[in-house]
Amino acid sequence: MATDELASKLSRRLQMEGEGGEATEQPGLNGAAAAAAAEAPDETAQALGSADDELSAKLLRRADLNQGIGEPQSPSRRVFNPYTEFKEFSRKQIKDMEKMFKQYDAGRDGFIDLMELKLMMEKLGAPQTHLGLKSMIQEVDEDFDSKLSFREFLLIFRKAAAGELQEDSGLQVLARLSEIDVSTEGVKGAKNFFEAKVQAINVSSRFEEEIKAEQEERKKQAEEVKQRKAAFKELQSTFK
């Protein structure tokens, strides 16, 4: 009995080797289950291969960056979804902000640089100094490229809504003048818009007044020096 069983097993093994090692159905499995069992190793191998390829790509990318080959991806160039990242704003608000951003992106490069920001503030009726414009950009410039991406532009309104901007700062003025659309908000919106515009003009006027005051002070000091020199010369002439 044992000899017959051993002979049967050897015969079975020889048959499998003769057929090229093809697997037969496992005992207790139907045809579909056997096919799934046969395909499982292939799927596992494919998944492992895909993971290996992804890991290899990341390692090669990191090696290139370490060797100075290629450029790291800055936050401003990463693809982001404004509707999920800036959930505090409605889709309409984000669309309006995007429309405004594109309006002043004269170079159509996806950024608002210093000169484009200068033009924007002038058109909004709140011109800024060169240092003021640089300060505005620096406050939200996360990647330190000295210009505003659309994401950084949205950060201005996030900070304004959260009360994180100074009352008379350039970014606060920009947010106030930009957030109201007179054509869609009606009389109340127009009232708020012009109130914000008046405040922005007042800030600009105060800045101009400070400059004029400094100029007047310098003129006054120069006049006093001139008068002292004249008095000294007159005093000298009396002793001649």
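Just so you know, the numbers here start at 1 and follow the chain as drawn.
Note: Cβ is positioned from N, Cα and C throughout, glycine not excepted.
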If one consults Swiss-Prot for phosphotyrosine across Y83, Y104, the residue flagged is Y83
Which of E116, E122 shares the Ca(2+) 1 site with D105, D109 in Swiss-Prot? The record says E116
Whole-Å Cα distance, E116 (Ca(2+) 1 binding site) to K147 (Ca(2+) 2 binding site), is 9
Rounded to a whole number of Å, the separation of the Cα atoms of D143 (Ca(2+) 2 binding site) and D109 (Ca(2+) 1 binding site) comes to 16
Rounded Cα distance, in Å, between D141 (Ca(2+) 2 binding site) and D109 (Ca(2+) 1 binding site) is 16
The number of other Cβ atoms within 10 Å of the Cβ of D143 (Ca(2+) 2 binding site), counted over all protein chains shown, is 16
For the domain 'EF-hand 1' (92-127), the DSSP helix/strand/coil residue counts are 23 helix, 2 strand, 11 coil
